[in-house]
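Each remark here refers to the structure printed beneath this line.
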């Protein structure tokens, strides 16, 4: 009873903080000058991280098993993983661009998990026989950590593509404008050229930083995903007598692995780095959500215990 009450309190606290942080983020999108307001939202995510940690520990103690047995618990753990990846660059200060892009992922995932949409599966239940194994922690935690890291790295790649596209478009417009105005501005030409060069240099540095960190985060996520798939195969052999069954979840996890293996392969070719590899990662972003949510909508296969409630099927 005590743990249930504590879990209820932590859930409402985290949802309240997330609601406030979402509001702050929307305001900062409109007003960039409010630095203190943005910093408050960052601290709010950190507080949410500790609330989620407390929620997971409380649920673990009350249920007697690691909280990764259904969709709700996996969403909470995914939100926790996003928050963990978010706060590391936040404290490093020199990679704040990561926290700005990753932060909203933690916010919206936690907001969805603690909202009333998944109320039916908030209550902890006894594990089904297939999940009563020590492999639960190893397999599912590695998969969720892998999904979180891959999603974050893919978001960085999406941001890279957006900036690259805008950069190329504005370069075209500005170059034409410069050619037209240079005949009339006279002494202002050098000043305009310097401003254009400085802005272009900043964007180039930003693109390089996004490309660098996207590669590092995706590499980490790919490692987690590989460990998760291999441990899942061993667990499947113990539970069902076969390492691989081409279950919908297994199939899409394999497709996800292939897509990001292609991404890492493109990184070995210097000519394919940057926008080309970012396109592959962006495709992987969609594939992960299909694997994580889309397959759950079907509610079939050996992983059907992680599906949506019956009202959503």
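Here the Cβ of each residue, glycine as well, is placed from N, Cα and C on the backbone.
Marked as transmembrane segment by Swiss-Prot: 9-29 (among others).
According to Swiss-Prot, the feature transmembrane segment maps to 44-64 (among others), an assignment based on sequence analysis.
What Swiss-Prot records for 71-91 (among others) is transmembrane segment.
Residues or ranges marked as transmembrane segment in Swiss-Prot: 101-121 (among others).
The transmembrane segment annotation in Swiss-Prot covers 143-163 (among others) and rests on sequence analysis.
Residues or ranges marked as transmembrane segment in Swiss-Prot (evidence: sequence analysis): 217-237 (among others). Sequence-remote contacts of a segment are chain residues at least 6 beyond its ends whose Cβ falls under 8 Å from one of its Cβ atoms, and for the transmembrane segment (217-237) they are 85, 98, 133, 135, 138-143, 145-154, 156-157, 243-245, 250, 253-254, 256-257, 260-261, 263-264, 281, 302.
Look at Swiss-Prot and you will find 244-264 (among others) tagged as transmembrane segment, backed by sequence analysis. With a cut-off of 8 Å between Cβ atoms, the residues of this chain six or more beyond the transmembrane segment (244-264) that come close are 143, 150, 218-219, 221-222, 225-226, 228-229, 232-233, 236, 277, 280-281, 283-284, 287-288, 290-291, 294-295, 298, 300-303, 306.
According to Swiss-Prot, the feature transmembrane segment maps to 278-298 (among others), an assignment based on sequence analysis.
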